[in-house]
Ligand SMILES: Cc1cc2nc3c(=O)[nH]c(=O)nc-3n(C[C@H](O)[C@H](O)[C@H](O)COP(=O)(O)O)c2cc1C
């Protein structure tokens, strides 16, 4: 699909997720055919101030491209300057603006989903970011702030007028955070209303959910978040099903553990040992979920600090399953 002047190689995208979609996880999702990868949300001001930790989060490998970088903030000047800097890095194909994050710390600063309550400012941000970059600019937002102020349709139209090249809609309000079910009907209505591409997001956890959301919304692309945690295989499953009607086989435990080990090794390659070991615990928990006796092995590896011990324990566990 085309987003501005960029043609994505497919239409099954990995959602931006803070603390999850770092370089190692993105590489794993790419291996299983995610069409477009989003970074974790990046603080625009921190980019402008050349914050070292933020720049560490901006590392990209050629083999994962195309990559969309997502920025958050609410000061148009900083957002535009960050967009300019990120464009000059020459690493990203798309700049996405976060207008959906529900986290209290973020909305208190007027960022993320708080921008849905301030459409004029949101317009100004998109307008200034567009003027600062020749990359396509996209906006990710929610259904509205709460049930009493649902404004995704007007908001999406405004983002289009401000120059957005595509929008992603997560069919929940800010007040819902991640609870309840995502409203796919409103995504359909937005798709009918806009001329720019609409990316559908929320509760796509299987190939058949992907088929249903496409059917209902007629969206141009799908974006998968939690459904990819410990389950990067979902991208290939959805692609195979959509391209050739191939029904996915159950993922065998060995593939899950082998993938978890590859992911672990990538984390060790790109992060300090301490960071890799602690951050990978949640990913390992997701990979192991539902496997035989997995609570015991999870408990066991969560107490380990030596990476080789973790890898050995996982290898032994995989052998015990065959
Ligand atoms: C752990 C976590 C972190 C997230 N971080 C971000 C983020 O940085 N930027 C963003 O736009 N959305 C973020 N989201 C929201 C997801 O991108 C997505 O919109 C939401 O999870 C709904 O999609 P899903 O049902 O496929 O998970 C996050 C979600 C989760 C669960």
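Glycine residues also receive a Cβ, built from the backbone N, Cα and C atoms like all the rest.
What TrEMBL says about this one:
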- 101: active site, proton donor (ACT_SITE)
- 16, 17, 18, 70, 140, 170, 225, 226: FMN binding site (BINDING)
- 14-315: domain 'DUS-like FMN-binding' (DOMAIN)
Looking only at C-alpha atoms, tell me how far residue 18 (FMN binding site) is from the residue listed as 'active site, proton donor', rounded to the nearest Å.
10
Determine the most Cβ-crowded residue among the binding-site residues 170, 226, using a 10 Å radius around each Cβ and all protein chains in the structure.
170
Please give the greatest C-alpha separation between any two of the FMN-binding residues 16, 17, 18, 70, 140, 170, 225, 226, in angstrom, as a whole number.
17
Around the Cβ of residue 140 (FMN binding site), other Cβ atoms within 10 Å, all chains included, total 28
Around the Cβ of residue 101 (active site, proton donor), other Cβ atoms within 10 Å, all chains included, total 22
Averaged over the domain 'DUS-like FMN-binding' (14-315), the pLDDT of the predicted model comes to 98
Tell me the Cα distance separating residue 101 (active site, proton donor) from residue 140 (FMN binding site), rounded to the nearest angstrom.
9
As a whole number of Å, the Cα atom of residue 170 (FMN binding site) is distant from the Cα atom of residue 101 (active site, proton donor) by 10
Give the distance between the Cα atoms of residue 101 (active site, proton donor) and residue 70 (FMN binding site), rounded to the nearest whole Å.
11
Could you tell me which three-state DSSP class residue 140 (FMN binding site) falls into?
strand
Could you say whether, by DSSP, residue 226 (FMN binding site) belongs to a helix, a strand or a coil region?
helix
Looking only at 16, 225, which of these binding-site residues has the biggest number of Cβ atoms within 10 Å around its Cβ?
16
